[in-house]
Amino acid sequence: MAKSQSHNRPRASSLQQLDKRRIETVHSQGLWKDILNMQWMRVPSSSFTLLTIPFVLYFNWHFLASGHPNPFEPFIFITHKIPGTSPNNPLYQKGYNDILFVLYYIIFWSFVRQVLVLHVFQPFGRWWGIRQQNKLDRVGEQGYALVYFGLSGAWGLKIMQELPTWYYNTEGFWIDYPHWRMPAQLKAFYLLQTAYWIQQLLVLVLGLEKPRKDFRELVIHHIVTLWLVCWSYLVNLTFIGNAIFVSMDIPDAVFGATKLMNYMQLERVKAVAFLIFIGVWSYFRHWLNLIIIKSVWSEFHLIPQEAQQWKPSEGIWMVWWMQYQVLVPIVLLQMVQLFWYFLIWRVFYRAVFQAKLDDERSDDEGDEELDGHDLDEKEE
C-alpha cells in the first residue's frame, strides 16, 4: 500500500507540471512579455494584437493623411508595382518593402496556426473522442497542415496555369529569363510562402511542436526550403520556384488528411487514404521533382545568351556556376524526401505483413499516458 502511494506522488507532480505547461502555451503574460519571450507565437490574442497595430495605423493614415504615401502599406499589401503596367493586370518587382510584408505575415501565420490548432482541430478531436493530449496536439498540427497546404497547393496550381510553365513545361523555367516582372498573385504567393516557412522554422526552434523521430531531417528540410525560396526570389527564378511549391504542397495536404484519419481510427478509410497518399507522394515529390532536376541539368542553356552573366542591377544573375547553385538545394531536398519515402514504404510493408499502419515519423503516442489512461481521464 505504501509503495502504491509513493508511486502515485510523482504521477500527480507530473500531471501538475504538464498541466501548467499547457496553460502557459495558451494564456498571455501581457503583450510586452509575450513579445520578449516569443509567446505571441503561442497566444492567438497576442499575435492578433500585433496584427491589428499596423492595420489600425494604415487606416488612420489613409483617412487622415490622404494623398500622401502610406508608410504602413508595405506591412499589409504587396508593393513595388512596376510603373506603366496595366491597372487590370499589374506587374510587380522585388524591393526592400518585401521584408516588412514577410515579417507581418510571420505573425499572421502564427495567429492562424494557433487559432486552428487550439480552437478548431483540438476541440474537434475531443468531440470525436480522442483523449490523449499528445494525440490532440498532432490532430491540431495535421489539421493546420491540411488547411494550409490544401489552399497553397491549389493556389500555386492556379498561378502555374497562367504561366508559361503549365503543366511542368520545364523549358518555361529558362526561356525569356530574367522573370523579374511578377504578376500580383505570384509575388503575393511567394512572399506568403516565405513567411510561412520562416514561421514553421521558428515553431521547430521554439518547440511549439513536440519533436518527432525525424526532427533533424525536418530542420534540414526547412533550412533547404528557405534557401530555395529566398534565393530563387532574389535571382528571379520564381517560375521554377512555383513549380517546386506545387510539387511539395499537394502531397503535404494529402498527408495531413491521411494522418487525421489515422488519429480518428477510421480503419478502412485510412488504409485507402494511405494508398492514395503513396501514389500522390510518389508522383509529386519524386517524379515531378526529378523532372525539375533534369531540367536544371539539361535545359539551363535555354537562358538567353545576354542573360548568362552577373548583372544584379539588371536582374541578371545566371553565370555558369549558378546552375549548380540552383541544382544543389533541389537535390538536397530530394534526398530528404527519399529518407521519408523509405519510411513510407516501411509503413506500407508493416501494414501489409504485420497489420500495423502507423506513421514512422511519430513519437511515442503513449508518452503522456498513465496506466492506459490519458491525463484528462486521470484528472476526472
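Cβ from N, Cα, C; glycine included.
What TrEMBL records for this protein:
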type	residues	note
TRANSMEM	48-65	transmembrane segment
TRANSMEM	99-121	transmembrane segment
DOMAIN	134-353	domain 'TLC'
TRANSMEM	188-206	transmembrane segment
TRANSMEM	218-234	transmembrane segment
TRANSMEM	269-288	transmembrane segment
TRANSMEM	326-348	transmembrane segment
REGION	359-380	region 'Disordered'
COMPBIAS	360-371	compositional bias 'Acidic residues'
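Beyond the ends of the transmembrane segment (269-288), by six or more residues, the same chain brings 168, 243, 246-248, 250-251, 254-255, 257-258, 261-262, 334, 337-338, 341, 344-345, 347-348, 351, 357 to within a C-beta distance below 8 angstroms of the stretch. Sequence-distant contacts of the transmembrane segment (99-121) (same chain, six or more residues past either end, CB-CB distance under 8 Å): 26, 40-44, 47-48, 50-51, 54, 74-79, 137, 139-144, 147-148, 191-192, 194-196, 198-199, 202-203. Cβ atoms under 8 Å from those of the transmembrane segment (48-65) belong to residues 31, 35, 40, 71-73, 75-76, 104, 107-108, 111 of the same chain, restricted to positions at least 6 beyond its ends.
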